[in-house]
């Protein structure tokens, strides 16, 4: 499956596309960071993000979109813009009927590094290793977007196996 | 001028259209509250809001859109959804090139009631009086959206007069 991971932000919005399935090597399809200037009105910046996400979905045709779940307890100065950017990203995906999953930063860190409190450098290093890249994706928003996509494939795979097992158990009971 | 005021929210999104200009009686064009169910995924709820705001802009053709400015210090349980809904509303307006203004709750309360700390009932009562309505618009989100539109017309008018005076002063200096 092909997953678009989005690390939402008004100033920098990371977008990473990863392809693969559970138990097989994953591969990087593309990664980018959308930037908008703090000098521009928020509405204009959000439209730029909408266009950028739309263009990426159009170009890469992901099977699902994974967006970082934003918490109100995050840094107050940026949380409103992050929430708005995440809303725009979700709408871009939902309008096309794409499945959307939200993963928390802790879930992503735990999935790629085995440690829910891993730092940016550890996440970046694990993303580099998992996708067999020559260098760590920069800036951190790019690595975080890829980590979201990786998390989605791995968690989705586990969820699919659990669903299949439950369905099989249900059939056996009938 | 005709202004669409939007009191953003994921569960209830107030939309009020007011027409008029500074120094003349204002009139209610239409008011509505978009509702989305907390049982539905956030992305789907945001798409519902996008469609509702788009349909209203299409129907009422406002000259400007006034959106309540959301603060991170608001109620934590709803602030993320409010921020996302406000982002969607702004994008709907910005995509059409409509001017967008953000007004804080205090600015709105001060504009319609003369008191930046007025309560919901006072704001509702003043909106009813200003628009010469038979009854107070309900729920509060409807009254708040109308108060935003009223604020925008009154503040915009003052700003336009200041701009005109400054322009005239500039001409006189030349």
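The backbone N, Cα and C atoms fix where each Cβ goes, and this holds for glycine too.
Residues or ranges marked as active site in TrEMBL: B:7 (among others). In sequence order, B:13, B:14, B:15, B:16, B:68, B:141, B:144, B:145, B:148 are the residues near residue B:7 (active site), counting only same-chain partners six or more apart with C-beta under 8 A.
Residues or ranges marked as Mg(2+) 1 binding site in TrEMBL: B:7, B:141.
Counting Cβ atoms from all protein chains shown, residue B:68 (active site) has 26 others lying within 10 Å of its own Cβ. The active site annotation in TrEMBL covers B:68 (among others).
In the three-state DSSP reading, residue B:68 (active site) counts as strand. The annotation Mg(2+) 2 binding site is assigned in TrEMBL to B:68.
Under the heading active site, TrEMBL lists B:141 (among others). Mapped onto three states, the DSSP output places residue B:141 (Mg(2+) 1 binding site) in helix.
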